């Protein structure tokens, strides 16, 4: 199993980044809930835009993550879950640092035991469809931030910060 690219002790604190960058900080306004076993994580961004369909999420987390963070814009829908224990486990096995879901997750009790950062709006036990609709590696926007593939994302208990590095 690949080693994660970062651990909680090596992640730069989002508050420290905010102090360093100042008023121009790209800080996500959306108040996400932490579901993963890793509260602090960082990595290069990969994105998916989908709506109640998680096939692209499943496929992407099945690829080598190399310490990246998958940002999923699910249109803020909590009608179906886009990530559950099996898909998140694929992310752990493939070296992903974290997943941000602008939508819902499920299997939350198990997600808390996995060594991966997972933040989402909430939970829903209903699974999503898997038709493959959506887009990958395109800029997505929510919470006042545009998440651009290849940029750096930092996440901890205080929030989510994005910066070009």
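Counting starts with 1 at the first residue shown.
Any Cβ shown, glycine's included, is placed from N, Cα and C.
Residues annotated as substrate binding site in Swiss-Prot: 84, 85, 86, 87, 106. Annotation source Swiss-Prot lists divalent metal cation binding site at 107, citing similarity to another entry.
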Point to revise | Proximal but sequence-remote residues of the same chain as residue 107 (divalent metal cation binding site) (Cβ under 8 Å, at least 6 apart) | key: 81, 84, 85, 86, 88
Study note, to complete from the structure: Row residue 87 (substrate binding site), column other C-beta within 10 angstroms, all chains, value 21
**Study point:** Output field, substrate shell: CB within 8 Å of site CB centroid, site 84, 85, 86, 87, 106 dropped
**Key:** 81, 83, 88, 89, 105, 107, 110, 111
Study note, to complete from the structure: Cβ-Cβ distance under 8 Å, sequence separation of 6 or more, same chain as residue 106 (substrate binding site); the residues meeting this, in order, are 81, 83, 84, 85, 123, 124, 125, 126, 127
Exercise for review: Work out the three-state DSSP category of residue 106 (substrate binding site).
Suggested key: coil
Study note, to complete from the structure: Counting across all protein chains, other CB atoms within 10 angstroms of the CB of residue 85 (substrate binding site) number 16
Exercise for review: Would you mind pulling the DSSP three-state label for residue 87 (substrate binding site)?
Suggested key: helix
